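Have a look at the structure below, then the notes.
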Amino acid sequence: MTWEWTERLRGYTYPLIFASIYKILHLLGKDSVQLLIWTPRLAQALLSALADVRLYSLMKQLENQEMARWVFFCQSCSWFTWYCCTRTLTNTMETDLTIIALFYYPLEGSKSINSVKYSSLVALAFIIRPTAIIPWMPLLFKHFWQEQRKTDLILHYFLPVGFVTLSLSLIIDRIFFGQWTLVQFNFLKFNVLQNLGTFYGSHPWHWYFSQGFPVVLGTHLPFFIHGCFLAPKKYQILLVTVLWTLIIYSMLGHKEFRFIYPVLPFCMVFCGYSLAHLKAWKKPALSFLFLSNMFLALYTGLVHQRGTLDVMSHIQKVCHNSPNKSSASVFIMMPCHSTPYYSHVHCPLPMRFLQCPPDLTGKSQYLDEADTFYLNPLIWLHKELPDDASLPTYLIIFNVLEEEISTFLISRNYERTAVFFHTHLPEGRTGSHIYVYERKLKWGNQQKMKF
């Protein structure tokens, strides 16, 4: 397990969904590696599809079928939606639950208002990813402000739902951690109060406004801006939610595109309004949106950074075809968490990758294992792999590292056996290709092993 689990920053509620799928496959005797890879993606895709349908249904209630179609079109052709919606990220589940919850939220004109359902979905999203509460703060405040029976709302809806959901989370985590753990507090403490997420990179305060949000919206951006001026007053709460979320996330040092994914469907409401009110330029606008987003979606989903998936597929085949699985081993010498792990191999093959836990002790000159390795790869390798017994069968590296450790590879009889394309945009420690090196024993050593 990675450090997030030993430090109890992650809860078991979300992984339990996929663990249950794996267990069912195992009991049915169908737990092949392809099903282990694809069933979580399909499950997440189905939930994302349900969320899209809920968004369409909501807009149909609030406006009309034509407006609902424009919003649905914008949502369906968003490159970032395509990029994220099948990925088993907590951000994806957070986004899906947010859209479905919005369907039951008391927006003006909605016919599907249900406080229990929407608050339950928001609570579940919070359990899975505590920062899910950020975009819901303006919405919850508005509901509370406009509600006539405020005490009933809190005592009969919010408190019971929160108590049941949090209790369920506590019990699940108690079973798997072996002790009572409030994961949500640990998560918020690490990422918000202590702001230790900056260990994995930090960006300037304006990054979401200058880069993050424009990139996530992509070619939808001009339509979003246009739609903000056209949309009725009742949708101001959605615009406030988007701005509020961007501002709050801007206060945190560590920033990623996926963090603002949950507000992307909110933006599509305004994009849909823009398209609905276009006259002469409607067909060119539709063609532009569709083609530009499909190119990005297909490129980022099928081409960009695909090497880390391909190389694990190669390792899986090597393992299943190897007569001596117990004697083979793999060392992934790449930036930490570059590749999937055992779910994509499903074979009893010893594997290792460079670790990158953050400093939780307060050391001033702290370096994780990956940073120490890249500081001087040759010295690190000679220290960590000093003799033949410690050498792994396979080494997986980015091509940018090859020249620096070439003397080690030659002296230890490693030969390149596979090459996989990774990206057209190599950067820093990440190369354009991934190399697999296999240790070839000399004839004399092979005879000794046989003897």
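Here, residue 1 is simply the first one shown, and the rest follow in order.
Note that Cβ sites are derived from N, Cα and C of the backbone, with glycine treated the same way.
Predicted, not measured: the structure shown is a model, and the values here were computed from it.
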Could you tell me which of the ranges 12-29, 66-83 is annotated in TrEMBL as transmembrane segment?
12-29
Return the stretch with the most CB pairs under 8 A relative to the transmembrane segment (259-278), choosing among 12-29, 118-141, 237-253.
237-253
Can the transmembrane segment (153-172) be said to touch the transmembrane segment (237-253) if we require at least 3 CB pairs below 8 Å and skip pairs under 6 apart in sequence?
no
Per Cβ pairs under 8 Å, the stretch of 12-29, 118-141, 205-225, 237-253 packing most closely against the transmembrane segment (285-303):
205-225
